[in-house]
Amino acid sequence: MSDSSSIPASTLRGLRWSMIATGAIAVLQFVYSAVMSRLLTPADFGLMGMAMVVISFGSYFAQMGLEQALIQRQDLQPVHVRATFTVALVLGLAATGIVWLGAPLIKHLFSEPGVVEVLRAMSFTFLFTSLGATSLSLLRRQLAFDLLARIELGSFLFGYGVVGLGMAWAGYGIWSLVGATLTNQLLTAVVAWLYVRHSLSPPIRWEHYQPLLHFGGAVSAVSILEFVGSNLDRVGIGRLLGTWSLGLYNRTLMLVHLPLYHLSNSISRVLLPSYSSLQNDLPKLRQLYLTAITLSVWILLPLAAGISAAAEPIVRVALGPQWDAAIPLLGLLALVVGFNLLTMYSGALCEALAKLKFKVALQSCLIVVMGAGLWVSSHYGLTAMVLTILAVEVVRNLAYQLAIRRYLSISIAELWSCYWPALFTGLLVAIVLGSVRLGLAALHAGALLQLLILLPLGAVALFGQLLMPWNRFVRMRFYHEIREHLRPGPLRDRLINLLAPSPVGRRPKGWVAANVRSVLVKRFSRTLLGPVAGSLPASAARSLVEISGWDSLQPHVSAIEELEEPQVVYYDFPIYYPTYFRRHKAFGARFAYSLRDVCVSPYSGLTWIPAANVTLAESIGSVRRLAGWGNNTPELLLPLQPLVASGPVVVCPPSPFFHWLTEILPNTLEAKRRWPDAKLLLPPAAACPAYMGQALALAFGPDWEQQTVRADGAVRVPQLQLLPVESDAGFVHPSAIHELRQTFLSPLPEEDIPGRRHVYISRRLATARQLADEAQLEEALNDLGVEIVYNENLDFSEQVQCYAGAQTIIALHGAGLTHMVWANPGLDVLEIFPNGYFNDCYARLATALGHNYQYIAAGTSQQAVVGGALPLKEIIGRVEQLIVSPSSSILQPA
């Protein structure tokens with residue numbers, strides 16, 4: 001649960017730019033790799049792979065965790081920047097010299113003499129990297145990923161696209177790979193410094209270097225162990241199986257790195273500065289980590305599964321038919337890379353929390369295990385070695401998750417909820433793509449055609465599952481972050497409409513299972529709910545006042561205040577109206593309750609006190625609602641969570657529009673007026689209709705979200721302020737009408753209220769109680785000068801303004817009629833009932849407001865048939881009379 005977005009806006013902006021840059025580079029590198037694979041040989045790539053093992057290893061000494069130290073430091077001063085650059089430059093020069101001089105010794109590690117000259121040339125990457133490391137770290141610390149995107153993309157295009165491809169085309173072989181890498185590194189360093197322009201002068205005093213080297217040295221030690229573990233596969237394969245096998249492995253690994261590594265790296269490098277900024281706020285850090293893991297694993301694992309299923313066409317299109325031996329490896333390596341990249345988030349979190357001892361112990365153990373496993377599996381070939389690597393990566397990821405579970409107090413159930421939707425989604429993606437690929441192969445489709453079909457199909461299979469029930473949790477996280485952070489526009493609106501679940505009837509997590517348990521309890525047991533009367537717990541209390549003296553209840557009741565005395569309201573219907581038009585209502589006294597340590601559902605408002613075995617019927621309206629259309633008894637069986645909120649709260653649950661506007665919203669307004677410091681308890685944003693947020697923003701201001709706390713399921717609340725909901729559904733208390741008009745109409749300037757007009761509320765965009773010939777009715781009404789209004793196209797404030805100036809409202813029975821509360825007394829209301837359907841709630845509301853009410857029934861059948869044909873002539877005749885002589889008389893209904 002969270003009362004704010006789980007991902008800060010600055011982090012979202014950084015992620016957006018980081019993913020744009022890495023996505024563009026991934027596409028370019030795919031093209032670059034495909035071309036270079038046809039210009040060079042596997043032996044060239046194998047030789048470069050050997051050199052990169054040494055260069056990657058040396059980079060951990062050359063960088064020594066300086067980037068992490070600079071980003072993680074909270075009180076960064078200019079002298080710290082100067083010290084970082086000085087240390088980076090010294091280490092870069094030292095690493096360049098050491099590798100240059102030690103290159104002849106490296107050839108014995110791989111038994112390959114040709115690696116010496118390549119390694120000496122590549123040693124200059126240490127120097128070039130050290131020149132730009134400080135500038136790049138400062139940009140990342142500031143989350144300036146828009147600048148980083150431009151720098152990286154431009155350097156890649158020139159280094160690899162111009163220099164690398166140009167040298168390969170000219171026949172320079174392995175040296176084209178070297179030239180591309182060095183050019184990219186040097187250009188990145190120079191351009192980054194030109195953006196930042198930090199001082200290059202070294203500090204004199206040792207105290208400026210000591211903390212930097214202390215933290216950076218610890219990070220570097222961990223990084224070295226991680227490097228050994230992550231490159232032990234290349235060393236083992238190159239040493240035990242030879243250059244050809246290493247080249248095959250390296251090319252296949254790089255191919256799967258294109259979509260996965262760049263995607264994950266674009267996220268992880270943003271998360272380190274974000275984690276570091278939250279290192280003293282563990283609840284927010286916990287929420288950020290869970291969100292990052294949930295969304296990333298949902299992308300990475302299904303993508304890896306899709307690559308595995310489409311391995312054959314991917315290899316043949318990207319690398320060419322001479323690389324067919326890579327096909328069985330690609331599927332396994334996709335899973336290897338997927339699990340490996342997930343540890344980036346955990347590793348970054350451990351660094352932000354300075355939990356480095358665990359990383360040292362874990363990496364040390366895994367190095368020993370992987371080394372032994374590779375030696376044993378080498379006797380069975382390259383595929384067996386890859387299976388060993390996959391097993392180690394799964395264990396590594398599991399160990400990280402168990403450790404972070406302790407650091408951030410995350411339950412196993414929460415971690416499992418992050419992973420299982422991705423695992424199930426990935427399985428379905430693999431089944432779909434695998435089945436289609438086999439079918440295309442049976443039809444002798446070429447590799448390119450297969451890939452062109454499988455790529456869009458995979459995207460549909462992946463993102464289409466966002467709408468499925470097993471991805472509800474993932475969809476809600478996507479929906480929430482898009483709603484909070486994406487700029488307003490058509491794309492945002494389309495994504496929100498696509499991802500938002502239907503708010504009406506939505507249930508919290510575990511509701512289906514709890515509902516089954518509830519049914520079983522009602523029929524076969526009394527142990528969970530106690531004695532059952534009808535379909536209700538016998539403990540359902542009609543009024544808290546009646547039982548407030550119970551010894552078991554007194555500790556939970558802080559105060560009871562009487563708000564209004566009992567009153568009787570009469571509804572002045574004509575004598576000839578049928579007797580089922582209820583003509584009076586006795587409203588009981590209204591009370592305000594201050595409660596302690598109670599349970600409440602943010603989805604329905606249902607409140608109960610387990611310690612006293614009491615369910616408060618007033619929280620939802622009545623025991624009849626609890627037993628009938630508002631069947632919420634399963635919520636009593638849902639697991640409870642503690643509410644992360646200090647001070648009192650007022651529950652504001654979603655509900656069908658009529659009940660929310662006339663019951664929930666007035667209670668919320670009055671409660672906030674009585675207890676200004678109370679926070680509103682709501683379910684997640686995805687479960688709330690748009691009108692809720694719009695109305696609350698009008699009532700409490702644009703920062704109303706700061707006054708809320710959200711929970712996805714039943715919670716235990718330390719302090720709850722409760723105003724009772726009217727026991728009889730459809731009867732609107734006079735105080736509710738006053739509260740609504742006082743809040744939303746009084747501040748409305750006269751010039752914002754349109755002139756008096758005749759309005760028809762259309763239901764053609766609704767899904768319930770539609771009539772077959774409504775289009776013809778709208779056309780006829782339009783000819784009479786009646787304005788056709790689609791409430792679905794108006795926000796809440798526009799609806800208030802629209803109906804505040806109405807003279808006549810014509811509508812089929814539906815929630816839109818509730819807007820008559822905004823009109824001045826004397827409004828003419830004509831309600832049209834579908835065939836065999838009747839509800840007098842709007843008739844009572846109209847008379848209570850002083851409006852002139854009439855109705856027409858579309859047929860006389862007593863069967864419960866929703867629909868029917870409209871009596872068009874009668875309706876048009878009635879409307880003509882209203883327009884010609886409005887409010888002159890109340891006509892007898894049909």
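Each Cβ is built from the backbone N, Cα and C atoms, and glycine gets one as well.
Since the structure is predicted, the reported quantities are computational estimates derived from the model, not experimental observations.
Copied over from TrEMBL:
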{"type": "TRANSMEM", "residues": "20-39", "note": "transmembrane segment"}
{"type": "TRANSMEM", "residues": "45-62", "note": "transmembrane segment"}
{"type": "TRANSMEM", "residues": "83-106", "note": "transmembrane segment"}
{"type": "TRANSMEM", "residues": "118-139", "note": "transmembrane segment"}
{"type": "TRANSMEM", "residues": "151-169", "note": "transmembrane segment"}
{"type": "TRANSMEM", "residues": "175-196", "note": "transmembrane segment"}
{"type": "TRANSMEM", "residues": "288-307", "note": "transmembrane segment"}
{"type": "TRANSMEM", "residues": "327-348", "note": "transmembrane segment"}
{"type": "TRANSMEM", "residues": "360-376", "note": "transmembrane segment"}
{"type": "TRANSMEM", "residues": "415-436", "note": "transmembrane segment"}
{"type": "TRANSMEM", "residues": "448-468", "note": "transmembrane segment"}
{"type": "DOMAIN", "residues": "657-829", "note": "domain 'Glycosyltransferase 61 catalytic'"}
### Task
Report, as numbers and ranges, which residues of the same chain sit near the transmembrane segment (175-196): CB under 8 Å and 6 or more residues beyond its ends.
36, 39-40, 44-45, 48, 118, 121-122, 124-125, 128-129, 131-136, 138-139, 147, 151-152, 154-156, 158-160, 163-168
#### Entry: the transmembrane segment (288-307) and the transmembrane segment (151-169) contact flag, 3+ Cβ pairs under 8 angstroms
no
### Message
Given a Cβ distance threshold of under 8 angstroms, which distant residues of the chain, six or more beyond its ends, lie next to the transmembrane segment (360-376)?
### Response
221-222, 225-226, 228-229, 232-233, 236-237, 240, 385, 388-389, 391-392, 395-396, 399-400, 403
### Query
Going along the chain, which residues at least six beyond the ends of the transmembrane segment (415-436) come within the CB cut-off of under 8 Å?
290, 293-294, 297-298, 300-302, 304-306, 308-310, 401, 405, 453-454, 457-458, 461-462, 465, 470-471, 473-474
